[in-house]
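Structure, as structure tokens:
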């Protein structure tokens, strides 16, 4: 059985629904991310699990016990806040020791445990500093140490890296994953950054408007988004509405206008008859000239409208009979605006979504 | 452009003269050696400063004023800090109304407030004069406490309090261990402002004083009705100095609060 279970949890402020009938399971030792745009309910979910707010409906079970109404201070969850929320009036040592003092540990034990955890986050020797004397990255480490030292049953991260600059962010990301795996601690991680979530998670739940749209391994979501929302959120910029589909030998043939396309099945989607195709700009292949002879499956002629340079590749907006498509292509010599080109849709890259 | 600056400078100067002039005149007249209050003074003498301590009423009412202001301050803090916390921390129905009620003693003319308090506390409920005076002063201090403490809470990141809760502190413990230490300078500033408000108050006190119970400002009022010597100028200077020192402290504390939080 899962360590953490949210069952049919609903939250509303007045007439505004924040969470609708939410169900979520987290296995022991896993790192699960809640990913979504602001307002999708991910932070509400985290605050609910933390105990800062109550669900109006549904239950929250943890390790077989009902935690729905259990007060925050009786949950033994470690929380790392977006603002770090260090105690400004206390030194690093006292910040980290706070939870242990609340648990009435002996001073000698507190000293050993604080020392040990500060080593884990590479902050040995910073005991006497105050939060305002630390850099953003160091404050972050203190916040993590403070949450970890109480040996929490669950670790919660609320957008922990959003106040750090890009360089520190990728370093901290690795650090968080390392610590989490080293200690084998069950973790819930909230972020709006897909790269961040994908890189550190065992599983990712993509949320939208108070619902989980898809929950799966990062690799699966990346390749097979279940819904149009998820696809859009993780970088599928191109969508095609197909008129009909036929399936044989695991290959799906689709028609849009007078064009035929092929796609392999999407194991992520719940609706086997989905008629919307999605493809990433990186996966579209652009070739020069419009094709001669009969139309081939998976190709679509068009005209380059805009050409922009991305550094590693060029990005084109190509106008076609099925609307505009965005394609990225690495090449020596770019296509120019107004040039006739053909777009190729590789069957294994064209994903059908709800 | 230059002319504009000149005009503005002149205007500011006039405002300063207007504001500080009377204080300077009082300051000067307090050193008058003669027995009549006059400006400019005819010499330099500290005799009226000595005189202050010979007027038994001043000493007695000074003690009363200090006692009322300090004791009232303590009660106003006990009521005001939780109120400010509730108003900043949570949102609930009628919050704006409650906020208005807490600030109303500033808005209602003191004469009216003082009369009403006297009518009920002294006339209807027969409370002792001293108790009535104390309650009156708690009422006028409360708005200042609530406002200043609420403004320092508005700079406080409540995630810090949530962190304390998540680490195992109960609500009370989190408040005393984490919230209070971080709004300390705001609370001290609130105490000082409220103290001045109470110590200098006349319009409430005037209803709650009588034979045996009086505050220093009321005693001073009575004194000028009967005497015309510079004692009153001398005692005013001392009060100005006290107020000045406290204002300086408030400025330092509120200024410093910018540096203490993060």
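Every residue, even glycine, has its Cβ placed from backbone N, Cα and C.
Automatic prediction, not curation, is the source of TrEMBL annotations.
Values in this document were obtained by computation on a predicted structure and should not be read as measured data.
Per TrEMBL, domain 'ABC transmembrane type-1' is recorded for B:62-250. For B:7-31, B:66-88, B:100-122, B:134-153, B:174-196, B:231-250, the entry in TrEMBL reads transmembrane segment.
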- Message: Using Cβ atoms and a strict cutoff of less than 8 Å, what residues sit near the transmembrane segment (B:231-250) while being 6 or more residues removed from its termini?
- Response: 23, 26-27, 29-30, 32, 37, 48-49, 51-52, 55, 58, 188-189, 192-193, 195-196, 200, 216, 220, 223-224
- Per the Cβ under 8 Å criterion, with at least 6 residues separating them from its ends, the transmembrane segment (B:134-153) contacts 68-69, 71-73, 75-77, 79-81, 83-85, 87-89, 102-106, 110, 113-114, 117, 121, 127, 179, 183, 185-187, 189-191, 193-195, 197-198, 201, 204-205, 207-208, 257
- Item | Tertiary contacts of the transmembrane segment (B:66-88), as residues 6+ beyond its ends and Cβ separation under 8 Å | 95, 98-99, 102, 133-134, 137-138, 141-142, 145-147, 149-150, 153-154, 156, 175, 179, 187, 190-191, 194-195, 198-199, 215
